[in-house]
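Here is what TrEMBL says about this protein:
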TRANSMEM  12-30  transmembrane segment
TRANSMEM  259-282  transmembrane segment
TRANSMEM  303-321  transmembrane segment
TRANSMEM  341-361  transmembrane segment
TRANSMEM  368-388  transmembrane segment
TRANSMEM  419-436  transmembrane segment
TRANSMEM  448-466  transmembrane segment
DOMAIN    539-814  domain 'Sulfatase N-terminal'
REGION    830-879  region 'Disordered'
Amino acid sequence: MKAILKEIRVKKVISIVLLILCCLFLIYEIDSMRYPLTYLYNVRYAEGTSYNLAKKVLPLSVLENKTDPTKRDYSKLDKISGNNDDLISYYLRRPHTDYVRLKGSQTIRQTFVAKDDKIKRLQLFFHNPGSTSTAGRLTVSVLDSDGNKICSSSLSAGLTLNDTLTAFDFTQDSTAVNANRVAGSKVSAKTSDGYSLKKGERYTIQIKGDGVRASSGSVFGIYLAKGTYSGAELTVDGKSFGKTQLLCGVNYLHLSKTLLYFFFGCMLIALLLILLPLNHISEVLRRRVKNEKWRERIDVNRAVSRLMFVITPFFCYWLVQKSDGKGLRTIFRLKNIFFDFDGLMTITILIMIMAIFYLIFNRTQIASLLTTFLTFAFCMANYFLILFRNDPLIATDFSSIGTAMDVAANYTISFSKRSLWLIVMTLVFLALVLSLKSVRGLRLRYRAVLLVACGLWGGWFYGVVLNTNFLNQHGVFVSGFNAKGGYHRHGSVVGFVYTVKNSRIEKPSGYSVNKVKSIASKYTSDTTDGSATVSKKTPNIIVIMDEAFADFSLVGNVQTSGDYLPFYHSLKKNTVKGVLYPSIFGGRTADTEFECLTGNSMQFYPLNAVPYNTNIRSKMPSLAYALEAQGYRGNIAFHPGVRTSYNRNRVYPLLGFEKYISQENLKDPEKIRAYISDEEDFRQIRRSYEAYKGKGSSAPFFMFNVTIQNHSDFKLTSGYVEKEVTVTDGSLADEQTEQYINLAKKTDEALKNLITYFRNTDEPTMIVLFGDHEPHVGATFYDTLKERMTGASDVEKQLCKYKVPFMIWTNYDNDYASKITTYAASASDGTAHGRSAASSGSTSAGKSTNGKSAGAGKTAASGGTTSAGKSTSAKSTGAEKSANASGAATATAAKSAANNAAGDTDGLQISANYIGPYILKLIDGKMTGYDKYLLSLQKKVPVTSAVAYMGDNGKFYSATAGSKYRKYLNQYHILQYNNTVDTKNRVNDFFYLKNKSNKK
């Protein structure tokens, strides 16, 4: 004991404190350790066990088709008897042949004995060949021995899955769960709640019908098990079925005491190791060694420190792989570390990071601590980013740290079992390393060797890994659509390196300043004297980019109890509406803002880049500069968020804005949830306009506004929004979707007040409104819409997450509709690109310029009929064929229109980079050569974004796909590179207006 106390130092005290804090944290987060565990009554369902049982009678190729029942051969399955048969059927999602017919208001009750203390969901097999034609509703409840309801879940009978698992979830919306086919998914930190039961006591599952009726010629029922189970009793409307039972999985949230004991055991062992008097042990060993040379070398502390140093990269490798969801056997399988590219690359990078730290500090302890902490921070950053935005950490995120911290403050932090593994084991490892006494490392000459080795590796890494197709050649790819999938496939370290490689803005092929000048020579910038007065030719312009403003009728048939955008849909006179295709989904607002103001496209930027943070360091040509040069004043940028968000406080002046209003400038603003409301936002627009006009200026007014009311997330825990409209489409209804549409309704009400105000002003005024991106209401919503897009291409399906409304309204008569060019995009996405109102509308097909259509069809939503093939032009270009091909999609849009004014557009399809030139075109304003070029490009490539581009043939292509339009986009890339990267050689005459004094 004296030896222990004698060797207690500050480092050991800190290590012990770390362990104590870790212990307290683990106790506090004990419920986060729960994970799903399924029983077929009293028999535990373990997927691995079932798989091994199945292998005895089914070929491996059959098991690999677990999710495709049509490719399985069950001929040998019936040879198994007893409960194993039920386990395998459950595993393969293949029920038996016997089922109980369900109709009307029948009630089925099944008793079971609770095998754990928290229940999450029940999983049943239904026979429902009529699918959505089946009428009625099912309510599944769990009752205690006194008949009291503990929990329940309801689902439309028509949405039960035919001959496979249907989940009735007590903690989530069952409709959403089944629409996303996640009946057997693992529990996440967001869904770790359950309902308490008393383990070992008997409970009753009650399945109650309400008006259940199968479609004509079919039967609706619930499948039975083959095995018999003790303590289980089945009754239908009180009639006993004896020992026959339902084929039912009871899903519990299990708290693993073994894992809990393991964590506490690790902390206890670490505490004992920390308390070990290593110096005393060294002295004892020295006294027992007679060889003086060996005696001097005995230093247990140094030996342990070096051992921990050697272990560190492998421990960090485990951290990374564990955070990626890999199991222990998979992680440390030698072929995955040393004979697999991803594994070998990961361990090599970790070793070299540690070697660099060792080279700098020459201490094994410091190198181990820093490497471990850095790896842990990386893993936890991935965890939280996936939790918050469903995307991992990528290279360009480091330029948005300030904004990320602001946004994170509005999210609820929660932990999962996986994250607890990382936290507990990292703290234990750090405590062990920290408790050791630091010892000197390599001598100078050996450090020189290490320096050379690190230099060679660094040169190879930079020259080969980051500047060639080395990663691609080894099969590494991280998609911008699903970075999380790429990280899981290759490991988060390799995935992150891939994003680092892609974060560099590559010089386009064929780029030169002379090439830019050659292209620019065809488009001469206009000359202006810098003065103007308000008129229809130079109206006041207010551009509003509304946070997550979306009209779901543009992406599919989303039925609601009422129109949540009634005023927006009612706007017809002096209004142009269209679909805008942003480059982003659910976040990175500043990217759409950047495209709108500069005319540049995110297609030529790295994955998830934010130019506001990385690319704007000096004055940049913009819409604000163009309007100022031709006499517009005010030039106000307004965003009711944090002033420094996305670096706006530095960027806006560089884009030509004279004033920036942020939330810090607003006194006691009205808020909805944690964000300033759109009503308050639009009220500030009116105040700014009145303040400007109060100065007596006759110059037209310009203001650019980015709202914040509809910022994610939309969970009830982030603030309740009064529910005025509900989603009546059972497959799409969930908490976040309904929260969102009611937020959007408040935006619509605020828009009505804003339009009414400017409708009553004397000065000609234009209001441009569009969404920055669609809302992230959960993967279920968009996945369901994609499933409905039968016959659509992968690009078209992906674009259902990248469509927002675009509107231009004026308080004076205009002829803007005659300046629209429309294109016959594929109708397989279930939307109509023509204007469609609840009473009547039209859908255009083919290409139309200046109001002359090549072919049109009319949709009457009230009558539910569609006519096609009527041409308003003397010459037809095959519109009849196009209209017939899209008949199903148009009918779908017509049906939705009756309650939500579906597809409310004038056929305009646009991307954010064209907004500035398009506004100038409509008002016949002065244009830069770049504006003119973009309008010319728009005729050939009407839509271009980081996700896709559309040709004038109406077809969408992925952003990197080759086509006859690629040459136009490459030319665009060359011009944009000169404008945004090679700024020292920027051809300013092309990007800025000229004035009579030749000043730019």
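Cβ coordinates come from backbone N, Cα and C, glycine included.
Outside the transmembrane segment (12-30), and at least 6 residues removed from its termini, the chain residues within Cβ reach (under 8 Å) are 255, 260, 263-264, 267, 270-271, 274-275, 415, 420, 423-424, 427-428, 430-432, 434-435.
Away from its own ends, the transmembrane segment (341-361) comes close to residues 309, 312-314, 316-317, 320-321, 367-368, 370-371, 374-375, 441-442, 447, 450-451, 453-454, 457-458, 461, 474-476, 490-491, 493-494, 497 of its chain (Cβ-Cβ under 8 Å, at least six residues beyond either end). It is 419-436 that, among the stretches 259-282, 419-436, 448-466, forms the most Cβ pairs under 8 Å with the transmembrane segment (303-321).
Summarising model confidence by region, the domain 'Sulfatase N-terminal' (539-814) averages a pLDDT of 91.
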